[in-house]
Amino acid sequence: MPLGERAGDKSESRYCGVETQFNDDMPHVLAFNLSHGSFDFVVAPLMDPAYRPSLMQKESGVSGVLPFAGSDLVLSPSQWSSHVVGKTSSWIDLDSEDEILRVDSEITLKQEIAWASHLSLQACLLPAPKGNSCANYARCVSQILQGLNSMQLWLRIPLVKTDNDTMDVNSSNLDDSWEIWNSFRLLCEHHSQLSVALDVLNSLPSANSLGRWFGESVRAAIISTDCFLTNARGYPCLSKRHQKLVSGFFNHSIQIVLSGEPVHSLPRINSDLAANNNDNNVDGVQKHPLRPYLDYVGYLYQRMDPLPEQERFELGYRDFLQSPLQPLMDNLEAQTYETFEKDTMKYIQYQRAICKALQDRVPDDKASSVTTVLMVVGAGRGPLVRASLQAAEETGRKLKVYAVEKNPNAVVTLHSLVKLEGWENIVSIISSDMRYWDAPEKADILVSELLGSFGDNELSPECLDGAQRLLKDDGISIPSSYTSFIQPVTASKLYNDVKSHKDVAHFETAYVVKLHNIARLAPPQPVFTFIHPNRSTDKSNNRYTKLQFGVSSDTGSAMIHGFAGYFDAVLYKEVHLGIEPSTSTPNMFSWFPIFFPLRTPISLHPGSSLEVHFWRCCRPSKVWYEWSVTSPSSSPIHNTNGRSYWVGL
């Protein structure tokens, strides 16, 4: 049964498995571990570990004999697919110098995975690579993956990291488990059906080193009973660091698998209690030997804070690639407006900024006699109009509002809103593109919400530069400035999702993504800044920035799949709005980060630096981005020109 229930959490991490020894009586294995032990699935060997192809051939004189396995009929198809993860033989060593062992390993691995696929298992666990080389192992797995159906292969990787964080940048350190994984997946060309099952040991690498794994395709964490300490009552528990790691696994949909023999001597429960507890065996004297460990994992899951309402709302968007909105070229739909209008925090910040601007614009002694002209450019269905009027009421200032909107469908709603609220004497609705409207007077305050995930990717600079003629020379623009930021990230899922399209165009596209299964490898750095009103004589808005990032030596080597982009905007004076992680506005969901993928992931060793180049290119009819890495190795210049993003100037 699931570890527990948290509001909105339907992730796979609610289910806990157990690693078992070989037993050809699979119905008993399931009954004992699922019904009796309350585990949700088993990680079980499907073949007799004593089987060796060379021995079978020698004894029978016939080649190609199948390994020993029970019939597929002993369980129903749904039981195989829902409750069993296959486990290939642990003796397999495809890079052994012993030719017989190497050949036996290759034959057996292919046979066992073929059998697991025949059973329609969702996943099969591969043994960890042995020794300092895994080339032949990866070659064989790569061949298997080419013909595999939807079944996942989990590569078992021990969670270790060398203490030598100052290794040469050109060296390969296979004492670091991440290096083992990285070497293996590179040889398999980042196949999307190849994932990781981390073997969690009783000692852990540094927190930064552990953080790398949350951007990788980790599907399971196998926790040995040897990891557990003993609490004051004699029951198993985990160290604070292990607890924090397990919570991280839960938050990233990584399933826990318990493994090993019980190492705690617990008191037997009395017969009366056993008779009334169906979790105990038929004799009524002892629970499943690993049940106390499962109970503790369930306790860790259940004590986690419930998902906030905003997180529950965003669950369906996690790591899902979306094309950015193009409000200048496209007219937004009602559903899009409705989603953004529910973002209360955003409009609270806008109202605060407008309040401060009104107070700076009109002193208290003139509040009743001076009317401020405020233009909402890109008014949509009116949320900024409402925020402006509420700010006027809060500050006691008189206001005249022009609501400028190019979308004729939104204008219809604006007219209904103005009539419903009785704003006819205050609000004038203008159905026009802000860049081409001839206003009857100039504005004291210009308000807009044209920001995109990257600050400028919805063409706020071009739109506001075009509307600047509507503003008095000493007028106020809200926002007054905004800056884009990027940071390198490990994002295996996003990379594989882009790669699945099998073309360059998707690698030269920027995506809006609710980032979740990623590892942030360095703090964000600023890229482009735009200030309004724009007093510069150069209005082309072309930009170029070169940035240097470095991975902490405590992190270890890492793989960079692309860059996460954010923005931070100054609405007015100290009122900020943004999604840059260190300064993000809390409880705001209007913007997800933007993701700039790399065609080829880049390995970065500790102590080396990452040199990144970003361009914002402008032409009369379009705006696009280009980006490239030049160190520690060079990538092609990725170019969004040619795709229909942000066109329509």
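Using the three backbone atoms N, Cα and C, a Cβ is placed for every residue, glycine included.
Model, not experiment: these values are computed from the prediction.
Now, the feature entries from TrEMBL:
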DOMAIN    39-303  domain 'PRMT5 TIM barrel'
DOMAIN    309-478  domain 'PRMT5 arginine-N-methyltransferase'
BINDING   TYR337, LYS346, TYR347, GLU405, ASP433, MET434  S-adenosyl-L-methionine binding site
SITE      PHE340  site 'Critical for specifying symmetric addition of methyl groups'
ACT_SITE  GLU449  active site, proton donor/acceptor
ACT_SITE  GLU458  active site, proton donor/acceptor
DOMAIN    481-647  domain 'PRMT5 oligomerisation'
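If you take the Cα of ASP433 (S-adenosyl-L-methionine binding site) and the Cα of GLU449 (active site, proton donor/acceptor), they are about 15 angstrom apart, rounded to a whole number. Among the residues TYR337, LYS346, TYR347, GLU405, ASP433, MET434 said to bind S-adenosyl-L-methionine, no two Cα atoms are farther apart than 24 Å. MET434 (S-adenosyl-L-methionine binding site) and GLU449 (active site, proton donor/acceptor) have their C-alpha atoms 13 Å apart, to the nearest angstrom.
Its Cβ taken as reference, PHE340 (site 'Critical for specifying symmetric addition of methyl groups') is surrounded by 18 other Cβ atoms within 10 Å in the chains shown.
The Cβ of TYR347 (S-adenosyl-L-methionine binding site) lies under 8 Å from the Cβ of PRO383, LEU384, ARG386, ALA387, each of which sits 6+ residues away along the same chain. For GLU405 (S-adenosyl-L-methionine binding site), the same-chain residues that are 6 or more apart in sequence and have a Cβ closer than 8 Å to its Cβ are GLY378, ALA379, GLY380, VAL411, LEU414, ILE429, ILE430, SER431, SER432. Taking the C-alpha positions, the distance from GLU458 (active site, proton donor/acceptor) to GLU449 (active site, proton donor/acceptor) comes to 10 Å. A straight line from the CA of TYR337 (S-adenosyl-L-methionine binding site) to the CA of GLU449 (active site, proton donor/acceptor) spans 12 Å. Taking the C-alpha positions, the distance from GLU449 (active site, proton donor/acceptor) to PHE340 (site 'Critical for specifying symmetric addition of methyl groups') comes to 11 Å.
A simple way to gauge crowding: the CB of TYR337 (S-adenosyl-L-methionine binding site) has 18 other CB atoms within 10 angstroms, across all the protein chains here. Of all the recorded positions listed here (ASP433, GLU449, GLU458), it is ASP433 whose C-beta has the fewest other C-beta atoms within 10 angstroms. The separation of LYS346 (S-adenosyl-L-methionine binding site) from PHE340 (site 'Critical for specifying symmetric addition of methyl groups'), Cα to Cα, is 9 Å.
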